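A.B. asks: Have a look at this one before I ask anything.
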Amino acid sequence: MGSKGLKGVMVCLLILGLVLEHVQVEGKSCCRSTLGRNCYNLCRVRGAQKLCANACRCKLTSGLKCPSSFPKLALVSNSDEPDTIDYCNLGCRASMCDYMVNAAADDEEMKLYVEHCSDACVNFCNGDVGLTSLTA
């Protein structure tokens, strides 16, 4: 793996670490609808939890279950939104793997980057983040 590829992997790991920290915080907010969930997620990029929950009509909770009137729990695989993992994979691949493809020197290196990056995204979105998937 060339030095450009190693730098790309390191950038990917750093960003995934930052996103993972952010995801753990969002697991404690419940929204009435997918629109409310999307509003909350967008707001949380820069806004505080309480401010975003109020603005998007969501509710903060300390448990893993949402009240029946607030069924949309963020990024929990057994919530009412099983597609969150698919959206996570798609977003991760679009943002991280595209960068790595552009850093590849040749087709063989590009295939290797895409394979490792896709595996890392799947592991990240399923909650199994580990360095072994990138260094294998």
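Note that Cβ sites are derived from N, Cα and C of the backbone, with glycine treated the same way.
From Swiss-Prot, here are the annotated features:
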SIGNAL    1-27  signal peptide
DISULFID  Cys30-Cys66  disulfide bond
DISULFID  Cys31-Cys58  disulfide bond
DISULFID  Cys39-Cys56  disulfide bond
DISULFID  Cys43-Cys52  disulfide bond
A.B. asks: Rank aside, I only need the closest one: which of the disulfide-bonded residues Cys39, Cys43, Cys52, Cys58 has its C-alpha nearest to that of Cys30 (disulfide bond)?
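C.D. replies: Looking at Cα distances from Cys30 (disulfide bond), the smallest one goes to Cys58.
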A.B. asks: Any idea what the Cα distance is from Cys58 (disulfide bond) over to Cys52 (disulfide bond), rounded to a whole Å?
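C.D. replies: Rounded to the nearest whole number, the Cα-Cα distance is 8 Å.
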A.B. asks: For Cys52 (disulfide bond) and Cys39 (disulfide bond), determine the Cα separation and express it in whole Å.
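C.D. replies: With the alpha carbons as reference points, the distance is 8 Å.
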A.B. asks: Out of Cys31, Cys56, Cys66, point to the one nearest Cys43 (disulfide bond) in space (Cα versus Cα); all of them are disulfide-bonded residues in the record.
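C.D. replies: Result: the closest of the disulfide-bonded residues to Cys43 (disulfide bond) is Cys56.
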A.B. asks: Determine the Cβ neighbour count for Cys58 (disulfide bond): the number of other Cβ atoms within 10 Å of its Cβ.
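C.D. replies: A 10 Å sphere around the Cβ of Cys58 (disulfide bond) contains 25 other Cβ atoms.
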A.B. asks: Can you tell which of Cys30, Cys66 has the least company, meaning the fewest other C-beta atoms within 10 angstroms of its C-beta, among these disulfide-bonded residues?
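C.D. replies: It is Cys66 that, of the disulfide-bonded residues Cys30, Cys66, has the fewest other Cβ atoms within 10 Å.
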